[in-house]
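According to TrEMBL, the feature domain 'CARD' maps to 1-90. Feature annotation from TrEMBL assigns repeat 'WD' to 611-652, 653-694, 695-738, 739-780, 835-867, 956-988, 997-1037, 1038-1079.
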């Protein structure tokens, strides 16, 4: 070793010995060829961590420059960047034409790419299988930068994962084919919730700087879309490696036109994916020579010197790398026991307890049994404790420290013994260890220790409760994510039902968990453990699930909303509300601001019935023609039929071999059609469940089916991922017509009420209308255009039109996309209504035969029945947003214009409504003592109504354009108005005197009356002006914003005023000199505004310390610090104005859905 390198190592020896953990440092050096197995054993035999580090450094000092470089690289890639920096100046110069930093051929570039991508390291004992690795690399090269799949398949334990990792451990391949990097995902056997967690973690890893989104995707389809964008824009030309795929449906989430390498036991999983697919089979056994090579490496002998029993052991192990490694690890510890272990394997000492195992792997059972029996007595029980580890989960050391009540070093020493014996695997993330079992080993342990599992789960819960109180579990703790994801699982497995209910029915837990992982996983747990939760209280369980479903779109956002405030918006009978109220009262005493929605009783829940007949996602639900029955189908492969009124189950059919995507009643209700991922279409007797017809002419999964409306001659239409629709005559076996035209999957189809047209929705973003008789395309509508005008982010937006449903008169059509339902008028193409109630994506919508209600079905496992009138009434803006409010003692009187332009006077306390008059009203106001009502119209006219005697006073001088705002002075003698004509009119209506204030260059947005006959006005010209309404002169003129000033207010002491603008900012100014004091709503780096839209109104508190603003929602601010104090999320958005009581305790606004909010400060 160079003197410079040696001196550098000696200089920093003490720091290195103090900090490093040698295990994985040595793995790297063994992999590089600079450390032998015997030297590793010598280091491991040292009693403490510091002594092991000292021994390793002592060995390195005796070696050459290559060992110094290998040690430096190992520090770098194991997260010891600070220690590696100390050694950087001592790195010796090594000439290398290949650029490789070790004899293994792995460059620093490869190490970095694989480390960042989460690719597992080589096992401690590694045997090259060059022929298979070369075959995989050749297939990867064939992808040539284009989307496609490479599948490595073989039986469990044959080394597929090691081969996949080894194939990408190649500098040339990565540089040439995957310059965007490699991203490894350990998938395993998953349900939908587990897959969503995997996708969320992958998205987080790919978007570490959160430049694309500040919240996790809430469902699989959203995650798929996010993944597509990240791989396309942030990580182009990268390789996604999916390890251990079990089910074809899992691949749908990753089928994003990218390059994918996957390992699986079943090569048919890729049968339905898009793009080229190259297959590499892995033989079930290593072969004799490779097996012997593994044994020779474990026992540090040449193959030729192995005893004859080695050949028999390989035969008994059936060539499995996992089993050979288990035996090899035993022989490393006891090199004289060849005969003993061979006899153990041959005599089948371990009686198989898995009678119908997922694997039929007898040799593994024997090897595992022997390995466990050979553990030291003092650590055997610790290995038994690992029986409760979830499959495909890497568990942080800290979790096991809590389980065993030990220090980190003690736990790592025990676990390292398991790793040395191939009974456990370890992975590194920075400086922390994470441990996991092969799922074969999990199966072995759970069945061997099945009688102890409940107690073992109880043990981990008991230990958790000793260490943690839930609110104290911090997100930056190493083990935090494990507890949030699996605490409920352990409680349920331990049959700790009381504790599970207390956990799941806790707002604190819901807040903490949803803030970290979003609401989707929590919803899944409510469904999975419903049988336990219902024992406690079925209604409470439903309360929490509804709360999560209806607020899911908020619980996934950043900054995270105040969950107590959300809970206060629930019905007063809900357990969620009662918990929120209790917490709010405690926090109010400490100065926290909370709001009660006092008139929420008048806002009814729009969904009439919610049922959960399926055990997985519901893909479709439909009414029978008589409206008495509902049929539904979903991911659990069943067809369910139940009563529409009560939800009582009538029929359950195991309908298909794969997920059932759609179902439809015939017009006479005798038949139900179903279609599936298995590419088949089936017709069933709706009363008996008997199979009547079976069609299989589609070449891809069949997504939709629908019968004609006439009972004279049945036709069935089906649409498929093969991009075509087919028409079937039930009296003929082959299909009658095939309809070509879509360029992507056909998601849904519906006959018009007169059966002349067939509507089809597609993933290509279009809605097509077909002539049923000729099978020709009549019209194609680009539905995506409708959604591109919505408020959702449009960047890279992919609009997949999920489904449609005609109204009975054919005049309206309902469309679902993402988690929203839209109702459109066909003739005008205008939106009639929209509603949101599902947590996850909506798969199906359907009107009832009479149009009075409609069904929606969703990934959140619910089917919702809605009343059309309520939804339309709610969405048709029952109240316009031009309202005025007068606060009198305990009374709140609201003057509003409804959707048919009638004036309403609403008592905010009682809800009583008085209808006053019909007029083309553009704005309105109440006089301070409620004696007069004024309103302006779109023609510039202004009228004053005296309700007592029904007298009307009309202004002789009109505005030139629409009147936007009017207000009485305190003495009720003068009415002030502003208009689009940029003028402000002052009308003393009793004396018939007029004055016009003219100084703004553009439309006057609004004004506010001040004390001492002063008036504050603001305009589209970006200025704010203070007027003297007696003289008609401008006293102060402020240029506040570049664009339109949307709202202003002045503090009660007249020292400060606020302004908001179309630039989505709110500013606070000094009145005397115009100095900017605070910027309350700055744009974030991503461009998303603090208010979710324009800030449209502001109001100071009487003491000038607090400010309320309206925009996408309501926000309360601390004027001194500029910090947000509370946020109230309305059902709709785009709030125009906020009316505030003089004591600053009551607030009134109307959202864009026409819902009135009367909010009261909680005291």
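Glycine residues also receive a Cβ, built from the backbone N, Cα and C atoms like all the rest.
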Number of helical, extended and coil residues in the repeat 'WD' (997-1037), per DSSP: 0 helix, 25 strand, 16 coil
Local confidence of the repeat 'WD' (1038-1079) - pLDDT mean: 81
Residue numbers, six or more beyond the limits of the repeat 'WD' (695-738), whose CB comes under 8 Å of its CB atoms: 272, 658, 661-668, 671, 673-683, 744-751, 753-755, 758, 760, 762, 770, 772, 775, 803
Residue numbers, six or more beyond the limits of the repeat 'WD' (1038-1079), whose CB comes under 8 Å of its CB atoms: 1005-1006, 1008, 1010-1011, 1016, 1018-1020, 1022-1025, 1089-1091, 1093-1100, 1102-1104, 1107, 1109-1111, 1117, 1119, 1122
